[in-house]
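Student: Supplied in structure tokens, the structure appears directly below.
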Amino acid sequence: MGCCSSDCFVYFILSIALAFMAISTTLRSPPDSEPTIPIAFSSSSPSLSLNASNTLRQSNFKAIATLLHISPEIFLSSSPNTTLFAIEDASFFNTSSLHPLFLKQLLHYHTLPLMLSMDDLLKKPQGTCLPTLLHHKSVQISTVNQESRTAEVNHVRITHPDMFLGDSLVIHGVIGPFSPLQPHSDHLIHTPLCQSDTTNKTSNNEEVPVSIDWTRIVQLLSSNGFVPFAIGLHSVLNRIVNDHNHHKNLTGVTILATPNLVSLSSASPFLYEVVRHHILVQRLTYKDFASMSDKATVKTLDPYQDLTITRRNVNSSGGDFMISGVEIVDPDMFSSSNFVIHGISHTLEIPHV
């Protein structure tokens, strides 16, 4: 009975939200919306949405399951093929304070007008941008690991790949929303800068790995007050370059420069571990970090140690964030087309060091 009561409560609350959404839409369009061109539902559409909704509910994605059951046209009316990234309930209910218009924007931002299974996503190069149902807004495949068969979109982990695979609909579960939520902003959705806009391409539109100027990075660090970190990086540079060469899709790096290396000497066996923990395998400006959601992760040269973005207010965006417990105190100190250096407050901790 308790489970039923919980489901009924979810159904009731979302029904009210959808009612307000429908009424509000007739009065005013949100800033980033565009007219929806409906397509005719096939005879299989009702059963498709019902089957997908049941699958979501069984996997405890009850909020999205209810929305898909009550109003499938939100997700399925704009394209014959659809990929939906379902937000887990705990994160989804953090959106309860959003205006219904912006809630609809958020749902459209998590819906793609094409079918992409997990296999399809894993075949995409890191940095690939994908269109969404939200006008002029794209999401980015920020991390791809074919060995572990994991992927992240906008630095948000896909926790339930291929949760539903239908003839025209694919659903993946994600741990949180693809954008920080700003209930009082006229521009709710913050999209990533696509690497496809800034990186070199082959004639087949594939990303070309770049050569990182490590010597220049060491010189910049050394001449601007980060001597211990510069010495540490120089001491293990051969191993760092080897790491770089193993990332065939690497198009840039981010250096999180710490003012000290917790007294590690160049002979310390942990120096290499600490240094590579401070190097991210993509170029991220301060603005890129500020656009990330709470609990988003970023990859380092250490394949077993990701860094996590945390926010004091999960519904905020901007500079109120930390990276695995440290703050960026000197953002965008130095920047080139393939690297950026940020000064951080103190050395990142590594669990096993």
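Residue 1 is the first one shown; counting continues down the chain.
Just so you know, glycine gets a Cβ as well, placed from its N, Cα and C.
Residues annotated as domain 'FAS1 1' in Swiss-Prot: 83-181. Annotation source Swiss-Prot lists domain 'FAS1 2' at 254-352. Annotation comment: Swiss-Prot describes Asn51, Asn81, Asn94, Asn200, Asn249, Asn315 as N-linked glycosylation site, evidence class sequence analysis. Taken from Swiss-Prot, the feature signal peptide applies to 1-28, supported by sequence analysis.
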Student: Would you report the average pLDDT that the model assigns to the domain 'FAS1 2' (254-352)?
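Tutor: Averaged over the domain 'FAS1 2' (254-352), the predicted model reaches a pLDDT of 84.
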Student: What does DSSP give as the helix, strand and coil breakdown of the domain 'FAS1 2' (254-352)?
Tutor: 12 helix, 32 strand, 55 coil
Student: Tally of helix, strand and coil residues over the domain 'FAS1 1' (83-181) according to DSSP?
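Tutor: Across the domain 'FAS1 1' (83-181), the residues distribute as 23 helix, 38 strand, 38 coil.
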Student: Expressed to the nearest Å, what is the distance separating Asn81 (N-linked glycosylation site) and Asn51 (N-linked glycosylation site) at their Cα atoms?
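Tutor: So the alpha carbons of Asn81 (N-linked glycosylation site) and Asn51 (N-linked glycosylation site) sit roughly 16 Å from each other.
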Student: Give me the count of other Cβ atoms within 10 A of the Cβ belonging to Asn81 (N-linked glycosylation site).
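Tutor: Other Cβ atoms within 10 Å of Asn81 (N-linked glycosylation site): 15.
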Student: List the same-chain residues at least 6 positions away in sequence whose Cβ sits under 8 Å from the Cβ of Asn51 (N-linked glycosylation site), in sequence order, or say none.
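Tutor: Asn51 (N-linked glycosylation site) has long-range Cβ partners Phe164, Gly166.
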